[in-house]
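As recorded in Swiss-Prot:
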TRANSMEM  4-24  transmembrane segment
TRANSMEM  38-58  transmembrane segment
BINDING   HIS145, HIS149, GLU223  Zn(2+) binding site
ACT_SITE  GLU146  active site
TRANSMEM  160-180  transmembrane segment
TRANSMEM  194-214  transmembrane segment
Amino acid sequence: MKRIGLFLLTNIAVLAVAMITMNLLGVGSYMQGTSLDLGNLFAFAAIIGFAGSFVSLAMSKWLAKMSVGAKVIKEPRNADEQWLVETVRRQAEKAGIGMPEVAIYEGAEPNAFATGMTKNSALVAVSTGLLRHMRQNEVEAVLGHEVAHIANGDMVTMALLQGVVNTFVIFFAKIVAYVVDRVVLKNESEGHSITFIVVDIVAQILFGILASMITMWFSRKREFHADNGGAYLAGKENMIAALQRLQTMQPGELPDQMAAFGISARPSNIGDLFRSHPPLEKRIEALRATTQDQLKVA
């Protein structure tokens, strides 16, 4: 129920921002009588596409805390929390970013994630399962991986890519709906018919599935960079050890908006093209093939 509420709130915010922005920019209707104004349509698609992506990014820390129940460590209550905060602080300084918020959330399975709108206003969260089942040097490497995601600007880059993808999904879906409605079925009434709306929804779903291959491909590439950064911040052998440990465990499930920035993910049921993370063995191989002077963060 909580996730449904968060989803509805996000969409209400997206629509509000989109409508206000379109009014400010003077973007009119993309339907001119029975014809399609491609310029206005593209502007409409871009505003909606980027608004959705960046509103989600802006709300990502709040959504993360709400969806997994992450508790930010404001004042460390024990030695473990003190170590977590100090480790992230040291890694953030080495990576040249502002100190992220550090949080812990209840989860039997091992995982961690990073989120936030900017490099200097981010969140790093770890599950209790990760702390329970991993050695300290392995946890340090996982934290380094997440700090590297922040330092590399992966959240903003992913939001930009998602905005571009959203734009083209909306744009081409409405063109397909227009062609089916006006050209194939020869509907000449003004405005959107039921056919247009149904075809538009179906086309957006289909194009969205195809477009997700692009975002997942990008996510897999960024994982190698985050592993590299984690090795730079916490040590190459520690990063390899953490990934090897994950090979023996079932990774925890994360909400969709954070899955791309977790340390690991469950395999996709529909093939590698839809995986947000490369197979762990490939990540380990890539690290082993990397020399010490190739380790870095952005």
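Glycine is treated like the rest: Cβ placed from N, Cα and C.
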Problem set entry | the residue listed as 'active site' to GLU223 (Zn(2+) binding site) - Cα separation in whole Å | 10
Exercise. Hey, what's the Cβ neighbour count for HIS149 (Zn(2+) binding site) at 10 Å?
Worked result: 29
For this session: Specify the count of other C-beta atoms within 10 Å of the C-beta of GLU223 (Zn(2+) binding site).
Result: 26
